[in-house]
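A.B. asks: Can you keep this structure in mind? I'll have questions shortly.
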Amino acid sequence: MKRVNTSKTRRFLEVLFVSMLVSTVSFVMPLIWGRCTQRPTDMQDWTNQEKNLVDALVAFRCDPKHEYNEVASLIFTDADTAIKQLFHFREAGADDSSTFSSAALFLFFVPYIALASITYGIAVPSGLFVPSLLSGAAFGRLCGHLLHKLDHTSGTFADSGTYALMGAAAVLGGMARMTISLTVILLEATGDMQYVLPLMLTLMAARFTGNVFNEGLYDIHIKLKNIPFLEPEVPSIAERHEIVAGQVMSAEVKCLRPVERAGVVYDLLRSCSHGTFPIVDTASGGTLYGTASRSMLCTLLQRRAFGPPDVLTEYDACESLGSRRLSPLVQWDTIERAYPRYPTVDTIEVRGADRNSWLDLRPYANTAPYTVNETASIQRTYRLFRTLGLRFLVVVNHHNQVVGIITRKDLLPEAIKDSLLRGRNAHASGNLITGAVSSDDEEEDDDEYDHDGRYEHDDDDHLGVDRFA
């Protein structure tokens, strides 16, 4: 799948460039405005909160005691303070320049929302919740000013603070495309139930209008980062065609035996980045015994929890081993104590005679993993994967033998379409790789799971999924 700017150097330079751009524009905007506004003087009936907001006004190149710069007061103050100023500052009749004029709001709104959207895409922790509220409040207050000019004789015709609240809801709803949750959040913030209906109508209108043009910004970034996100509904291509799990699964499965040599486990971990490995009994034709996570295998190797080479001549069958333990037992709380910084295979070395030592995986295996038959419909497989929030799904045949594995990436619409075009045989036996590692290991998608089966967020700020769990 296509990647977006995976170079660490480019991402670092991108952050520097955007930071310089934001800083430059933020400094130039008040300079362009270059106008000083008189501070409100008649504040006898103002609340203490409103008076504190007046004290927070920024006197950028103005008399700090009597004047302030409108644009600088929105840019150089904290976002929460600027939002409160837009919500609570009063207007004086037809003259809206007593607080924030229409021109100042327009000059702030256009560059700010553009810079916020650009900043959200770079490789730094950021969000758009508060920037959407601030830019929306400025836009709503601007609309309130325009309506107020239509009938300035009535002071209650268009309250700028109310329109600032509706504008904040509209921009936030258009960005996130949420309705009920945002209505509750904004109602909790205002504490006034009279805004229930206006907020609901505003958020619904913003969502429907935005859906006409494109998806929400969060959905767009999920696709840009190639995160294998499964939508609630089954893809339409899966509904139109008769597709089974065997057609979309990855047949090249890397497996382990219930009792495996330490060198084999080490080489397997070094050769791929999969987060989970099926455990199969090769003596019975690849019958599924369970699964083992990468974090657990690395912990066992690090603690050298394997028995001597002469404890077993060669693996025969799981039933023939009985209940005897072939390697030292590591307690579960010891394995989990390293969470979330499990040991990695790069910090482990297995050399010499240790490579032929036996590692008994039976006490640590998940013997009840979720499985699906290779003849199961893609609709059932998709709903099972989506409902249970799985990271992988082992595909078995009628004899409970492992024939493949399905990850989230295999259930994306593009992957389903690709599998349909290739026309995979749903009943073809999977190519199990046990013990030795295949030389033609699929590495074109070197995205990684992290060491306990979750997606790893690498230094390139790229989230991905390997073809196997």
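Placement of Cβ uses the backbone N, Cα and C atoms for every residue, glycine included.
Please treat TrEMBL annotations as automatic predictions, because they have not gone through curation.
Pulled these features from TrEMBL for this protein:
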- 12-33: transmembrane segment (TRANSMEM)
- 100-121: transmembrane segment (TRANSMEM)
- 128-148: transmembrane segment (TRANSMEM)
- 163-187: transmembrane segment (TRANSMEM)
- 365-421: domain 'CBS' (DOMAIN)
- 432-469: region 'Disordered' (REGION)
- 439-450: compositional bias 'Acidic residues' (COMPBIAS)
- 451-469: compositional bias 'Basic and acidic residues' (COMPBIAS)
A.B. asks: Where, among 12-33, 128-148, 163-187, do we find the most CB pairs under 8 A to the transmembrane segment (100-121)?
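C.D. replies: The stretch I would name here is 128-148.
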A.B. asks: Quick one: DSSP breakdown of the domain 'CBS' (365-421) into helix, strand and coil?
C.D. replies: 24 helix, 17 strand, 16 coil
A.B. asks: Taking only the residues in the domain 'CBS' (365-421), give me the average pLDDT of this model.
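C.D. replies: Averaged over the domain 'CBS' (365-421), per-residue pLDDT gives 92.
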